[in-house]
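*Asks:* Okay, here's the structure, questions in a sec.
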Amino acid sequence: MCGIVAIAGKAPVNQALYDALTVLQHRGQDAAGIVTSDDHRLFLRKDNGMVRDVFHTRHMLRLAGHYGIGHVRYPTAGSSSSAEAQPFYVNSPYGITLAHNGNLTNSEALAKDIYRSDLRHVNTDSDSEVLLNVFAHELQIRGKIVPSIDDIFAAVSGVHTRCKGAYAVVAMITGYGIVGFRDPFGIRPIIFGERDTPAGKEYIIASESVAITSVGFRIVRDLLPGEAIFIDNEGNMHTRQCADKPVFSPCIFEHVYFARPDSIIDNISVYKARLRMGETLANTIRELHPDLEIDVVIPIPDTSRTSALELANQLNVKYREGFMKNRYIGRTFIMPGQGQRKKSVRQKLNPIELEFMGKNVLLVDDSIVRGTTCREIIQMARDAGAKNVYFASAAPAVKFPNVYGIDMPARNELIAYGRSEQEVCELIGADALIYQKLDDLIAAAREGNPDIERFDCSVFDGDYVTGDINESYLAALEVSRSDGAKRKVPQGPNLVDLSNGE
Ligand SMILES: O=P(O)(O)OC[C@H]1O[C@H](OP(=O)(O)OP(=O)(O)O)[C@H](O)[C@@H]1O
Ligand SMILES: NC(=O)CC[C@H](N)C(=O)O
Ligand SMILES: [Mg+2]
């Protein structure tokens, strides 16, 4: 998952972009970047690292101009090399920069097309660089010195025709304005806002509403699946549906884990959805384990807190913060490499022994993916003297890879893949394991917006809405992007890259 933001302002936008990226940091910790423009020149800074590490005062001073875009990255394609940090740039036509959240499922085929038919060079393995070149080509073939609004929206339609997979995108067309668009299934979130200034209206586009409100804009609305927004360099805003048959299918995992609870995505409060997940999970526990004696409910911080709190309320059991989180360690799930993830769980969470000693403890997490967290945590609870350790997951068992922008590509890395609940329970060392039912999870999210007919739940049910995912795709993905495969790709400072981000 990545975070994206764009601002079309009337005054310098560097600080607001930086602030918005810090609010989106939970969506990507690997790399960050900002590009701004003063209508003539582009100013780019991007590198590996968290937002606070990538941008120093000297960089901020150079990010001049009244419009720009930003990105925080969590890689799902290519490598974690700094050359794949975003935004990406192509000089023709007009000078376009682009930032992408999601994952293209036909990136490899597109990369070949781009070279053979569009005569374009793509320098990295990033699907986002491919996406940028498709958009640039679709704009170039209109052949205009000054692109019209119709040209820009036609180029987005061209992207929808050629690209498959998930993409929420912001792009800047130097001298012409800012574009945002969402794939025809609306898998990844993207929302826009505005504010009035003495010099006129300013616009912002971002992955999550919290990035809009926290920098002083008000929310207008989410982009619809297939829809695009264009803010021209005079500050006029235009929107248009650019897909033929959009089928809304937003990713349910945003509500389970990715998004911040204080965000509202597609009119669903993530916080309320998580409370409802706690309520339904409590019902399932009562139904499946009516005799389970629970002395205390303990969340695995951070993300499960909201649902664990409501679950404890419903069961009428004490809710206690039995694990203290080291606030200087980021999210472990989105760290690259299993070794790093495993080590970080222990550095990140530390038990308060008195909450465990001699008690029947119900630990609650938002999800169990690789099982890294729960295995460590259950052992820590036992070491702290717990009598029995039960484990509940606010999401169903994750059994299938994600191909739409969450880095869980290898089936055999998923602890629930090919295993029964009982087997998972034994493997993680719990005395009982309770998963949320998929229908309950869907209901918990949908209650916030009953107009959404379906969610992308592919990691739970293996149903890939884009229709292009088959066994050979999944097998190839497993080979190229498993933890083992990633270890073989050269990373870090030894790699000499083409990067213009300094
Ligand atoms: O089964 P696993 O592979 O361990 O993945 C699931 C865990 O990873 C996430 O936590 P993370 O530490 O990333 O973030 P958080 O602090 O927001 O909970 C998630 O909240 C689960 O705790
Ligand atoms: N998580 C994401 O949205 C990743 C975006 C893009 N696929 C990349 O790897 O950079
Ligand atoms: Mg967690």
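Quick reminder: no glycine exception, Cβ is built from N, Cα and C everywhere.
Note: TrEMBL annotation is automatic and uncurated.
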*Asks:* ASP365, ASP366 show up in TrEMBL as binding Mg(2+); which entry in THR303, THR306, THR332, THR372 does that record put in the same site?
*Replies:* THR303
*Asks:* I need the most crowded of these binding-site residues: ASP365, ASP366. Count other C-beta atoms within 10 angstroms of each C-beta and give me the top one.
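*Replies:* Going through ASP365, ASP366 one by one, the largest Cβ count within 10 Å is at ASP366.
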*Asks:* Roughly how many Å separate the Cα of CYS2 (active site, nucleophile) from that of THR303 (Mg(2+) binding site), to the nearest whole number?
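*Replies:* Just about 17 Å between their Cα atoms.
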*Asks:* Can you go through the recorded positions CYS2, THR303, ASP365, ASP366 and pick out those with a C-beta less than 6 angstroms from ligand 2?
*Replies:* CYS2
*Asks:* Neighbourhood of the Mg(2+) site (THR303, ASP365, ASP366): other residues with Cβ within 8 Å of the Cβ centroid, in order?
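*Replies:* Same chain, not in THR303, ASP365, ASP366, Cβ within 8 Å: VAL256, TYR257, PRO299, ILE300, ASP302, SER304, SER307, VAL364, SER367, SER393, ALA394, ALA395.
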*Asks:* Restricting to the chain of THR303 (Mg(2+) binding site) and a gap of 6 or more, list residues whose Cβ falls under 8 Å of its Cβ, or answer none.
*Replies:* TYR257, ASP365, ASP366
